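Asker: Can you keep this structure in mind? I'll have questions shortly.
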Amino acid sequence: METKGRLIAGSHNRNEFVLINADEIARVTSVKELSGQICKICGDEIEVTVDGEPFVACNECAFPVCRPCYEYERREGNQACPQCRTRYKRVKGSPRVDGDEEEEDTDDLENEFDIGVNDRKDPRHVAEALLSARLNTGRGSQAHVSGFATPSEFDSASVAPEIPLLTYGEEDVEISSDKHALIVPPSHGRRIHPMLFSDSSMPLPPRPMDPKKDLAVYGYGTVAWKERMEEWKKKQSDKLQVVKHQRGKGGENNGGDELDDPDLPMMDEGRQPLSRKLPISSSKISPYRLIIILRLVILGLFFHYRILHPVNDAYGLWLTSVICEIWFAVSWILDQFPKWYPIERETYLDRLSLRYEKEGKPSKLASVDVFVSTVDPMKEPPLITANTVLSILAVDYPVEKVACYVSDDGAAMLTFEAISETSEFARKWVPFCKRFSIEPRAPEWYFAQKVDYLKDRVDPAFIRERRAMKREYEEFKVRINGLVATAQKVPEDGWTMQDGTPWPGNNVRDHPGMIQVFLGHNGVHDVEGNELPRLVYVSREKRPGFDHHKKAGAMNSLVRVSAIITNAPYMLNVDCDHYINNSKALREAMCFMMDPTSGKKICYVQFPQRFDGIDRHDRYSNRNVVFFDINMKGLDGIQGPIYVGTGCVFRRQALYGYDAPIKKKPPGRTCNCLPKWFCCCCRSKKKNKKSKSNEKKKSKDASKQIHALENIEEGIEGIDNEKSALMPQIKFEKKFGQSSVFIASTLMEDGGVPKGASSASLLKEAIHVISCGYEDKTEWGKEIGWIYGSVTEDILTGFKMHCHGWRSVYCMSKRPAFKGSAPINLSDRLHQVLRWALGSVEILLSRHCPIWYGYGCGLKWLERFSYINSVVYPLTSIPLIAYCTLPAVCLLTGKITTEQPSQKGRKAEYGGLATGKMVPTIQANPPYSDNTMSTVKTMNSDH
C-alpha cells in the first residue's frame, strides 16, 4: 500500500484503516463551498444529506470531512475537529458516543442509538461472531470481509452429525436418542455457543457419557432431572403438612407462624423473618467499649483528687471549676452509654412479597396514609411540595393501599392550585415511573441527573418517553412558576375561584375547614387507564381565640381526617421538602411492621435524614453524621431511635395512646418435694392470684371496648341505645372527641372504614374532626397523637410512645429512603439550631421531662439517658462559658483553681528571694550547690 507520506491510523479489532494527511494545511471553507469537495482525511467525496445539503462535521470552521471519517473520529479518535480542535457534536443520522450532550429530539432515535441496522448489533450476536471469527482463523473457513460470521453460520443444520444434541427436556422426533448432548434452543433453531470447529473435514469425537448416570450429572436439564425436582418438592410439601398437623394437635406453640422444625425455613422462604439484626463486629466495638471503661477509671481518679484537694485561697473559683467538670462528665456519660450496643438491620423485600403478594390474588400488604405538611408557600416553594407529592404517588406499592394527605396550614390558594396542577401531571408521571422503574421519582431531581444512554444499551422506547416526559415537566414548571408570580400581588377583595366563588381561606386566621379529593380509587385514572393513589387536600379550620398548636395540631388533624376517609393502620410523615428517594421505602418499613414475630411491638420505623445541595465540606454540619450514623444505631440496640420529625412510618394504634402488647411468659415451676409449710411456693400462689385478677380486669376492659364498638356501630346505623350501653362510649368521647365514626375507627387495629357509614356521613365527619374546637376537653396533644407543649414535638411524641412500652426501629437502606433540603446559609442554620434548643428547654421544664416522668413503665434506663441528654444539652452552654472564663479570672486575681503538692514550699522560696533572706528549705534543695547559693545571695544584696 502506498501511503504517499500520510499517517496510517486504524483499529485492528474493527479491521479499519484511515490515511490522514500530514503535509497539507486545510483552509477554512464555508458550508456552500463543501458541495462537491473531497474529504481532507481520506480523499473520498463528501456526501449530500437527505435534505439536499452537504454533510458538515464541524459547525465552527466547516472543515471538509466525510461522514465515515467523522464517525470514526468520534468513535475511536479524540472526538475533535482536526483544524479548530472543537469537539464534534452529533449530527443527525450518526450514532451517539460517550460524552454527547443530552438531546430532546425523538425523531432520530434509530440512528442516534444505532437501532435496527442489523441483527448482529445485538450484544449476544456480536459476541458469537467475534468468538467464531477468532476461532476460525487459519482453519480454512470462509469468513466475511468484516470478520463477522453471519447468523446462517450458526444454524443448527451446520452442526457436525457426530455431535450429540439435546433439546430442553423435550424429545425431538427428528433427532435420535443417542444424539442429545448440546443444548439447542427450540425457539431460535441455533446454538447458544458457536462451534469451535466449523470445518467438516475435522470432525470432533462425541462427548463420552455414561448411560447409567443421569444427564443432570453433566450439567444438562433432562426430563429425569425435572422429575427428581418435582419429587423433592412434593416431599417438602408433605413434610410441611405433617408439621402443621402436629402443631394443630398440640396447640402449645405461641410463636404465631413460626414452626419448630429447623429445616422448615429452608423449604418455604416466605415463612422466614422479614428482617434481621446485624451486630457490629467485636473487632470494632470491643476497643470502643474498652476506651469508655478506661476513661471512666481516669475520670474517677481525677474527681477523687479534685474533691479531696480543695483550694482554700480561691475556694469560689475551685468550686465553680469542679461543678463545671462534673457537668461535663455527666454529659459525656449520658452520651456514651446509649452507644454501648449499636446494631444494624437488614430487610428482605423478596420474602415480604412471597408472604403478602401472591400471584393471582389481591395484595395483602397493609395500607399506608402519607402526610405532607406545609404552611407558607412563599417560604416553602410549591414546586418543591409538588415534587414530594409526585414521589409519593409514584411509590412502588399497590395503588389501592396508598393515600396522600397534604395539610395546608396556611390556607393558601396558591398551594391549592399547585396541588391541582400536580394531580393532572401525576396522570402522566406515575405510569412513566412504574413502567421504567426509575429512581428517584421526584421529577426535579430525576431530570437533574445525567444519564449515560450508551451504558447497558438503553431501550429506545425509554429514551423517547423520557424526552417527551421532560418536556411535559418543563411545561408543568412553567405553570407552577406562573402561579407563584401571580400570587405575589394579592387582590384587594381576595382570591376568587374559577366559578367566581371567593376563596374560603382569604383570611388565614379565620377560615373554615377545607377538604378536596383530587385523585382516588373511583376518580381520575392515569393516561394508561390505571388507578392512582388517593390525593387529598386538607386545610383545618382556624378561628380567633383558639390555640392551634402549629405543626403538631395540623398533624393531629390529618390523623383524624385519614381515619375517617381511609383509616390505614400505618402512617408516613414527611416534610414538604423531603421527597421519597427510594421507591421501595414503604416496603422497607413493612418488613419491620408486618413481621409476624416482632412487628407488633414496633411503634414506628425511623429513616435517616439525607440532604441535597450540601457543599463538599459541609460547613454548617447539616449531615449530622455522628447523630444519624452512630447515635441512632446505638439507640436501635436498646429500645429504638428517637423520632426526628420526618421520614417516619407510624403504627396508628401507637399514636392513639394504647400500650404495647405484653409478651406472655411461660408458667413458672412448682415443687412437690417438700411440705407446703416448708416451701416458698406460697409466694408463687399469691403472684398467680394477682395475675389472674389482672387478667380478669384486662378481659373486662377488652369486653368494654368490644361492647363500645358495637354501640358505636349501632349509633352509625341509627339504632337507639340504652343509657348503660352509652357509658363506655362517653369515656371514648372524652378521650378521642365527639365523633362516633372516628371512635369506631380507633378500635379497628387492621384499619378500614367502619361499616354502615355512607359517603355523605363520612364527609360530614371529616369536616367535623378538623374543626378548631374538636380537641377541647379531650386527650389530644396530651396522651394521643402528636404531643403539645414544645416546639420540638417530635422528641416528645416519640418519648411518650416509648413510655407506653413500644419500641422503634432504625432502618438504613442501601439507597437513602428520603432526601430533603438543608439550610444553605448561616442565619437559617442558626435559627434552626436555636429552635431545637428552645424545644429541648421546653421539654425540660414540662411535666413530660424524662428526668422525672415515665417511671414504672416500659422505658429502659439507657433509653432514658438518651432522652435526658437530648433535653439538657442546651444547658451545657452555661458551664462551658463559665469554664472558659475561669482562666481570665485567674490571671486577673492571681489565684489558681488547683492546689499543687509543693505549693507551700514554693511560696516560702519566692518570699525568701524577694526579701534577700535565706530559708532553710532552700538549703536542703539538692540541685543547688554552695557556689550557686553564694551567687544568689550576692544578687539579692545588690538589689
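Using the three backbone atoms N, Cα and C, a Cβ is placed for every residue, glycine included.
The following feature annotations were taken from TrEMBL:
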- 39-85: domain 'RING-type' (DOMAIN)
- 236-271: region 'Disordered' (REGION)
- 288-308: transmembrane segment (TRANSMEM)
- 315-334: transmembrane segment (TRANSMEM)
- Ser373, Lys379, Glu380, Asp409, Lys550: UDP-alpha-D-glucose binding site (BINDING)
- Asp409: active site (ACT_SITE)
- Lys551, Asp575: Mn(2+) binding site (BINDING)
- Asp794: active site (ACT_SITE)
Asker: By CA-CA distance, flag whichever of Lys551, Asp575, Asp794 among the recorded positions is nearest to Lys379 (UDP-alpha-D-glucose binding site).
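Answerer: Nearest by Cα distance to Lys379 (UDP-alpha-D-glucose binding site): Asp575.
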Asker: For UDP-alpha-D-glucose, with binders Ser373, Lys379, Glu380, Asp409, Lys550, what's the maximum Cα separation in whole Å?
Answerer: 16
Asker: Between the recorded positions Lys551, Asp575, Asp794, which lies closest to Glu380 (UDP-alpha-D-glucose binding site), Cα to Cα?
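Answerer: Result: the closest of the recorded positions to Glu380 (UDP-alpha-D-glucose binding site) is Asp575.
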Asker: Work out, from DSSP, the number of helix, strand and coil residues along the domain 'RING-type' (39-85).
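Answerer: Counting residues per DSSP class in the domain 'RING-type' (39-85), I get 10 helix, 4 strand, 33 coil.
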Asker: Around the Cβ of Lys551 (Mn(2+) binding site), how many other Cβ atoms lie within 10 Å? Please give the count over every shown protein chain.
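Answerer: Excluding its own Cβ, the number within 10 Å is 18.
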Asker: Within 10 Å of the Cβ of Glu380 (UDP-alpha-D-glucose binding site), how many other Cβ atoms can you find? Include all protein chains, please.
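Answerer: A count of 20.
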Asker: Other than its own, how many Cβ atoms are within 10 Å of the Cβ belonging to Asp794 (active site)?
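Answerer: The answer is 24.
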Asker: Name the one residue among Ser373, Asp409, Lys550 whose Cα is closest in three-dimensional space to that of Asp575 (Mn(2+) binding site); these are the binding-site residues.
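Answerer: Closest candidate to Asp575 (Mn(2+) binding site), judged by Cα separation, is Ser373.
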Asker: May I ask for the distance between Asp409 (UDP-alpha-D-glucose binding site) and Asp794 (active site), taken between their Cα atoms and rounded to an integer number of Å?
Answerer: 18
Asker: Could you state the whole-number distance in Å separating the C-alpha atoms of Lys550 (UDP-alpha-D-glucose binding site) and Asp794 (active site)?
Answerer: 13
Asker: Cα-Cα separation of Asp794 (active site) and Lys551 (Mn(2+) binding site), in Å?
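Answerer: Roughly 10 Å, rounded to the nearest whole number.
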Asker: Relative to the Cβ of Ser373 (UDP-alpha-D-glucose binding site), which residues of the same chain, six or more apart in sequence, are found under 8 Å away?
Answerer: Ser407, Asp409, Lys551, Ala554, Met555, Leu558, Asn573, Asp575, Cys576
